[in-house]
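Here is what TrEMBL records for this protein:
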DOMAIN    12-255  domain 'Lon N-terminal'
REGION    68-105  region 'Disordered'
COMPBIAS  76-89  compositional bias 'Gly residues'
COMPBIAS  93-105  compositional bias 'Basic and acidic residues'
BINDING   Gly408, Pro409, Pro410, Gly411, Val412, Gly413, Lys414, Thr415  ATP binding site
DOMAIN    688-873  domain 'Lon proteolytic'
ACT_SITE  Ser779  active site
ACT_SITE  Lys822  active site
Amino acid sequence: MADSPVELPGRLAILPFRNKVLLPGAIVRIRCTNPSSVKLVEQELWQKEEKGLIGVLPVRDSEAGAVGSLLSPGVGSDGEGGSKAGGSAGESSKQDTKNGKEPIHWHSKGVAARALHLSRGVEKPSGRVTYIVVLEGLCRFSVQELSARGSYHVARVSRLDMTKTELEQAEQDPDLIALSRQFKATAMELISVLEQKQKTVGRTKVLLDTVPVYRLADIFVASFEISFEEQLSMLDSVDLKVRLSKATELVDRHLQSILVAEKITQKVEGQLSKSQKEFLLRQQMRAIKEELGDNDDDEDDVVALERKMQNAGMPANVWKHAQRELRRLRKMQPQQPGYSSSRAYLELLADLPWQKVSEERELDLRAAKDSLDRDHYGLTKVKQRIIEYLAVRKLKPDARGPVLCFVGPPGVGKTSLASSIAKALNRKFIRISLGGVKDEADIRGHRRTYIGSMPGRLIDGLKRVSVSNPVMLLDEIDKTGSDVRGDPASALLEVLDPEQNKTFNDHYLNVPFDLSKVIFVATANRMQPIPPPLLDRMEVIELPGYTPEEKLKIAMKHLIPRVLEQHGLSSAYLQIPEDMVKLIIERYTREAGVRNLERNLAALARAAAVKVAEQVNTLRLGKEIQPITTTLLDSRLADGEVEMEVIPMGHDISNTYENPSPMIVDEAMLEKVLGPPRFDDSEAADRVASPGVSVGLVWTSFGGEVQFVEATAMVGKGDLHLTGQLGDVIKESAQLALTWVRARAADLNLSPTSDINLLESRDIHIHFPAGAVPKDGPSAGVTLVTSLVSLFSNRKVRADTAMTGEMTLRGLVLPVGGVKDKVLAAHRYGIKRVILPERNLKDLAEVPSPILSGMEILLVKRIEEVLDHAFEGGCPLRSRSKL
């Protein structure tokens, strides 16, 4: 640092300093980004071998038009004035009008600086050149005249600092000596306070002894965070006395702020010490009560928790772990952050049923079978499998039975079957919903290191039922997903494996828990989404949809009584004849289950409830009861006398109110409440009224469905267009079907010779209606071929015939799955003929006999047999055809 006054040249290049002030003796880093500042540094500092002086003038933030970007605290940035000045005191207006620019307003005083370090950079990808300049403030100056030199400014300046002779004379002034001592004393006190926190403060002590006082004032103030106005005021303080007074004030204010902060910190630490003291006193008080025998109150939560843990029947290794956690809890204060989480963990260990089980009564298979028949109609095969499962449990109670997985469309009774198993075994029932679960922590729990951690759903369910051997239903096991939080289906592998779930480790518990006593039952709508390893852990029992006859029996035996009870009605108010239930099944519901049927019955019950409620509010009196007039009642009240007629208990009052006749549902009421019929038997005939349309059978998660396939031709280039939200498999089936038809066009009488291109100058569009429903699967091949042959031959497909099956490129018909569901769907639609692959003959054993007796099942081996059955009068082939 220069300790003697600096000789300034007559003119200095001026660098604007945005929103900060450079004081003599201070060192700052400025980043130059705008073109004028970059040009200044380039010409005045970078290109000169002898780094000369440069002038730095402060510019307000609101007064700078184009300024450089701010850096970190203590780091300035350049700025170029281009807007109106604020007009504060101590500022002068110097403008350059030669270049026609807006006038620039600077502060009237600045600091001459010397460049200590220069660095040049290029921003990417803009290629803009930037400079970083490290400047040391030397002395103050005042601007006499400001002019432009190219894109930056140059000013004629005059030095404001005293000469060396003037400084020596001023140092003899008693007032200045007193101010210097006061400043040094305040600065030394500040250094002593900072010395306890910072190790580098010792270097600042050396400055008090080596640097002159007039320079110290600027250096100290430059190191504080003060306002821009205070910095300007310090810059304008040319007189040494004024400068020392302001510096002393600023240093003292900074010292007081540090002392206040330390006082607050000590107060907080004192409060913590007080809490520790209270904890120690409580421990001493507890010891004194134990010595005096005055500890009869068992309100001590930790003692009560320990007693509860002792009675929980934990295994030895778990009890050892719990004692270690309990000792840790005793050392903690209730106010500590981890106290509540540690206590909740111990309470969970105490609440879990480590040894508690439900006592199973002697299994009565006949009673269990009667209960299943009473609660569920049909499902003969499923109920037989459940009875077999119960029989094995009776002969060997500790047998590791398989995990039953009921697979079927919604509304067929999967969940209620699991409840019936629990009822037959006299065990508690808990349902765990897995639909939409994507986090592995829902199965294994969260680790206790996380805030808000909790155990998995299985451990939480066991805590709720308070026994270790319930029947646990894993509902919608096919609806689990996987993302960055893990794969719940993979976590279930340990749960459902009897060799592994003996030591199931929940991340929250962090101790093994025995799940081998739990009977797991799972439900799903489809098997395909279930991962193969998980599916291998379970025994799949398929629940197909109900036939219309079964739906009728279920409605009359179960649904109607339940709906009437739920709506506060009885058969005395509403009667739904069997014929009306058949109409609801045929015209308003075409589903595999019975949920929509129950909803329609509930709609009829609500309509009846409105009528009954209105009649209750307007009950008419019988002939024998005379109404009491208001006038008579008021007169008796006025006399203080009210006469009442007492009716004996044996008096017949059944005729007192007129009993309304029950409401009997008819077709008019059905259409009024449920609306016009949604389905009719003529739908298939209407849709296949033109060539190019065929009827297929598909299987969905909601059961079997009838799927129409439409094909049409148009002028084009021989392209194939597919619509209807189709998957890759069904798209390949469509391409395969078109290839087979084109290859056999001559044999099918679709073209005169085999040399003629069937798609010459035309495109084929195949559409699967109901485009909002995704469709995929390998069972639409024969349907697509039939639709294309119908289109090219201009012949209609029989409206009473539906088909299913996949085909090969050589014309073989391959077997498909879901035959029972597909046949039931065809029956619901009123279709009388169903074409099936011959290798699916064995699957017809699952179809109820009444359904088969009313339908014609046509078994085929090759695709030409399908075509022969699909068209009225058969499909004429050329005699020489060897298909």
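For all residues, glycine too, the Cβ spot is worked out from N, Cα and C.
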Inquiry  = Could you check which of the binding-site residues Pro410, Gly413, Lys414, Thr415 is the closest Cα neighbour of Ser779 (active site)?
reply    = Pro410
Message = Counting other Cβ atoms within 10 Å of each residue's Cβ, which of the recorded positions Lys414, Lys822 comes out lowest?
response = Lys414
Ask   = 10 Å Cβ neighbour count around Gly413 (ATP binding site)?
value = 23
Task = Write down the Cα-Cα distance for Lys822 (active site) and Val412 (ATP binding site), rounded and given in Å.
result = 16
Message = Radius 10 Å, atoms counted are CB only; among the binding-site residues Gly408, Pro409, Pro410, Gly411, which position scores highest?
response = Gly408
Message = To the nearest Å, how far is the Cα of Thr415 (ATP binding site) from the Cα of Lys822 (active site)?
response = 23
Ask   = Where Gly413 (ATP binding site) and Lys822 (active site) are concerned, what is their Cα separation in Å, rounded?
value = 19
Inquiry  = Using the alpha carbons only, what distance in Å do you get between Lys822 (active site) and Pro409 (ATP binding site) once rounded?
reply    = 13
Message = Within a 10 Å radius around the Cβ, which one of these recorded positions has the most neighbouring Cβ atoms: Thr415, Ser779?
response = Ser779
Remark   = Row Val412 (ATP binding site), column other C-beta within 10 angstroms, all chains, value 27
Key: Shell of the ATP site beyond Gly408, Pro409, Pro410, Gly411, Val412, Gly413, Lys414, Thr415, same chain only (C-beta within 8 angstroms of their C-beta centre)   = Phe406, Thr523, Leu543, Ala592, Gly593
Per-region confidence, the domain 'Lon N-terminal' (12-255) (mean pLDDT, whole number) = 73
